[in-house]
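Engineer: Here it is, the structure in full.
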Amino acid sequence: MKRSLHSTLLLLLFIAALAIAPLLLPEFYVTLLNYIGLYAIVALGLVMLTGVGGLTSFGQAAFVGLGAYTSAYLTTVHGVSPWLTLPAGLLVTAVVALSLGLVTLRLSGHFLPLGTIAWGMSLYYLFGNLDALGGHTGISGIPPLRLLDLELKSGREFFYLIWTVLLVLVLATRNLLDSREGRAIRALKGGSVMAEAMGVNTPRSKIVVFTVAALYASVSGWLYAHLQRFVNPTPFSLTQGIEYLFMAVVGGVSHVWGAILGAGLITVLKQWLQDWLPRLLGQSGNFEIIVFGLLMIFVLHRARDGLWPMLQRFFSTAGVVAHAGRRRGAAGAAGTARGGFSAAGGPGCQQALWWPGGQ
Amino acid sequence: MDLQIALLLGQDGITNGAIYALLALALVLVFAVTRVIFIPQGEFVAFGALTLASLQAGKLPGTVWLLLAMGTLIAVIESSLALRERRFREIPLLLMVNCGAPLLLAGTLFAISPASLPLPVQVLLALMLVVPLGPMIYRLAYQPVAEASVLVLLIVSVAMHVTLIGIGLLFFGAEGSRTPPFTDVTFEIGDALLQGQTILVMVASVLLIVALYFFFERTIYGKALRATAMNRTGARLMGISGNLAGMLSFTLAAAIGAFSGILISPLTTIYYDSGFLIGLKGFVGAIIGGLASYPVAAAGAILVGLLESYSSFHASAFKEVIVFTLIIPVLLWRSLTTRHVEEG
Amino acid sequence: MVVRCKSVGGVITPNNRARTMRNKTSIARLVALLGAAFVTCVHAEVNVGVTLSATGPAASLGIPEKNTVALLPTSIAGQKVNYLILDDASDTTTAVKNTRKLLAENKVDVLIGSTITPNSLAMIDVAAEAETPMIAMAASARIIEPMDGKRYWVFKTPQNDAQMATAIVEHMLNNNVRTVAYIGFADAYGEGWWNEFSKIAEARKIQIVANERFNRSDTSVTGQVLKVLAARPDAVLIGGAGTPAALPQKSLKEKGYKGIMYQTHGVANTDFLRVCGKDCEGTFLPAGPVLVAAQLPDSNPIKKAALEYVNKYEEAHGRGSVSTFGAHAWDAGKLLGNAIPEALKKAQPGTPEFRKALRDALEKTRNLTAAHGVFNMSPQDHLGFDQRARVMVKIEGGNWKLVQ
């Protein structure tokens, strides 16, 4: 299989680049990569939920908060080891996601995204109003992660943990979507009537994909809490929830690698604007967000399916991925997310690309 | 809670709900016609109120520059298109509408001192400055992707919202403003005072809703919008331009937003970023109306206002938790009772 | 360090140095410079990293701070001082990201920031790990208490909430206030005030009859106000910052409340007076002396220091533009102006020794008169303000009036 060989090669190259990155890059770039990794984990969940399952969620930031707060609370108040708080956080998130899912996933059409906004807001204000969780001021002094005798304090050490988790999740996502369950999830987007006619238990599939996406967010939250060693409600607000969706869509919401691309692009762009705009325009104003917004509109005008399919087309025409890629580029264009909240993509949707240059 | 408090809370809830209802109507309208979930709707509320406040403070509102910049940009884009397609005769008109009109407005503002004008004229000036931004935003941000999916249009809205918040901070600063009330009349009900402005908000909202009803039922443009909302392709076959319908709906949305802002700014302080939460609550109302029904959307918005008012009395710290948690069963009920047709 | 000798002082943007370095045309030149460095660069420059909330919910606090940093001296003890200013958008993640960037990319010798308490708390770990002193501009005492290995590196310039709350409670006792209601922001600011105020008020036997919250951007606080009115308090304290704090007060007046009103020092800017108008007449608030600098008696040493700041700021930004928040940034600059010459005696900027020396010098600050008060730091107290750092102010005739 030539195409799988290509994709495996690309993947190995990517992993190798990641492995040596912290050794070569300056400290701050590693910090940025860490944040990109954290965001990409959440965006990956959204790719599955929104890009593949066709269910739009604005509330992922709240699940990140659940993971982060569970760990922060247990480690600071009860002195539990951070490694035990990970399953605890996942458990809390699973329970919350299942119960929210049971209620809100019954919502059809536009009611669902609003439902996610609703509980996203509720959870955010709940974090801020519970004294046990430090209120709006937050919880400080969260212990760092320890691996045997090694304390994961510096960004470079944490980098390997974050990106290992991310890569494992990428692989897991791919396998999940290729499984029987995954095909059922992929069928969701074509509208539930068709899927149910084919024997898919759509409510069950919706709950599965929703919970899995929430668990991804929770893992990201756990990592966040121990990287930052401080939590307060602001990073888990609706605004951040919208930003995750933003990353996924800009990167390419039907592609697992789009999540990483989107998270990377938005994080780096913001940093870059912060560095360069004051030099171009002077110190007086805060033009960063204005220019950021305008650039994003421009990107969406040029690549409404996100940047990943565009990148793929570019590479396939450049001949990097040989002739097989060209066909796939076309398939990618046809199969990318056209759907909105309930909009159905064509049959092409089932063939969305999961792999750099391969299916 | 005695009766008087209940009444006061009810009145407060309905006043806020009336504003949410107006925004809900605008959101339903924009979505039905263009499939855009218009998150920046709230920014028009803030821009309207703050532009009026700037005029009253004798300052040149920043929105003038925005209008000039966007007008010029559109003129450049449209003229180059016209040049390429050899439609030379249209260019002077394009320039006049997109550059000339904003320039004339800016010149007028420079020449006269708006602070000394009577209030209705100031309101008119503020509307003239803010409302054209609606169709201009449609032309620049949405028209090029008009055929994209709802999700992409939504994300464009998010980006637009971020941009407008930044522009708002730049133009109006971080601190808020209030404008003087249209009327100082107060009524006494029992021990409590009822401000004339509050009644004005309700009356104006009702009038606006009635006016919209007549617009959609009686005028050719209103009918064209309804036709587009029902079936885009069909409307196009009947000679209704999708772009025209889009621009028209954005003009209406901008007008409703700016007018809402001007209505409530005597009752509360408006900030550059106030719009988002107000818009969000309008959005909740709109969704309860299924993004399709105007009366249900208005009722939904008033429900949100009431929920908010009563919960801020009972447990103010948990107000948003209560409001948004109570929304979920309402959504569930609506979702189960609305016959949902999946879009293709 | 080499390039640092070449770059100009003043406010420079981040990465400036990195870029200058990349832009150097020839490696040979770089090598030559490197060689020269050990000879000519007896004094390297001092880099001050600043992260503050110039956008987002705390923008009204962060913007005057940002304007103030631009007024700080660009040369201390004959040494160039560079200020690298980053905006954290009132967001903790960005504040930490900025801190890491300033430390790693710009190798700053000291950090100033951030504007709000959660951001400052989040920065502590990063600053302490890099063994770099940090001067916070947020109010909560949690930033410097309890003193531990991490807070060893952390100082702050704003008065503690407790200090301000004590002033209010004392004023209440003197005015026979027995019952009080609290309406505060539903954020860290309102929460910090509630914690301190409720503790002190209860200890002094003032009964708190209502505790309400509202959001900065709420369009109505009728519910909260009705609840407060139903409890019939002698006085109401509003715990908010900037113009949003005017809304509860206006609603209370409108509903006919006649008791005494208190605000916090968070409202001390001209915009608040503009928005609140006549409804705020007779309101009391505790504030730093800088707010009423001109009214202080000439014998008060703070008068001169505060007026220096007020004049400088208003010269740059217009009359009536000054706010007490900017003065916290000014005081941070004052602390550095005092400590940097001491630290320079011990080590070169850009070295761990310098940062340690700077920290030690900050801790040894004695009798330093600044815009908000007189600093007397100690190993246990990294704020060092006494009673002189706060005055009671009354709003009269649309202006701040010192209560004698």
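Backbone N, Cα and C define each Cβ position, glycine as well.
Pulled from TrEMBL, these are the listed features:
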TRANSMEM  B:20-40  transmembrane segment
TRANSMEM  B:60-81  transmembrane segment
TRANSMEM  B:93-113  transmembrane segment
TRANSMEM  B:119-138  transmembrane segment
TRANSMEM  B:150-172  transmembrane segment
TRANSMEM  B:192-216  transmembrane segment
TRANSMEM  B:237-263  transmembrane segment
TRANSMEM  B:283-306  transmembrane segment
TRANSMEM  B:318-336  transmembrane segment
Engineer: Look over the recorded stretches B:20-40, B:119-138, B:318-336 and say which has the most C-beta pairs under 8 A to the transmembrane segment (B:150-172).
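Structural biologist: Most Cβ pairs under 8 Å with the transmembrane segment (B:150-172) come from B:20-40.
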Engineer: State the non-local partners of the transmembrane segment (B:119-138) in its own chain: residues 6+ outside its ends, Cβ under 8 Å from one of its Cβ atoms.
Structural biologist: 34, 40, 44, 47-48, 51-52, 55-56, 61, 63-64, 66-67, 70-71, 74, 101-102, 105, 109, 160, 180, 182, 246-255, 257-259, 262
Engineer: Considering only Cβ pairs within less than 8 angstroms, which of the stretches B:20-40, B:60-81, B:93-113, B:318-336 has the most against the transmembrane segment (B:192-216)?
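Structural biologist: It is B:20-40 that shares the most Cβ pairs under 8 Å with the transmembrane segment (B:192-216).
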Engineer: Using a Cβ cut-off under 8 Å, which residues of the same chain at least 6 positions beyond either end of the transmembrane segment (B:93-113) come close to it?
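Structural biologist: Result: 58, 60, 64, 67-68, 71-72, 74-75, 78-79, 82, 125, 128-129, 132.
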Engineer: Answer with yes or no whether the transmembrane segment (B:20-40) touches the transmembrane segment (B:237-263) by the criterion of at least three Cβ pairs under 8 A, sequence separation 6 or more.
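Structural biologist: Since 3 or more Cβ pairs under 8 Å link them, the transmembrane segment (B:237-263) and the transmembrane segment (B:20-40) do come into contact.
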Engineer: Quick test of the contact rule: Cβ under 8 Å, at least six residues beyond the ends. What residues does that give for the transmembrane segment (B:283-306)?
Structural biologist: 10, 12-21, 23-25, 27-28, 31-32, 37, 39, 41, 209, 212-213, 323, 327, 330-331, 334, 338
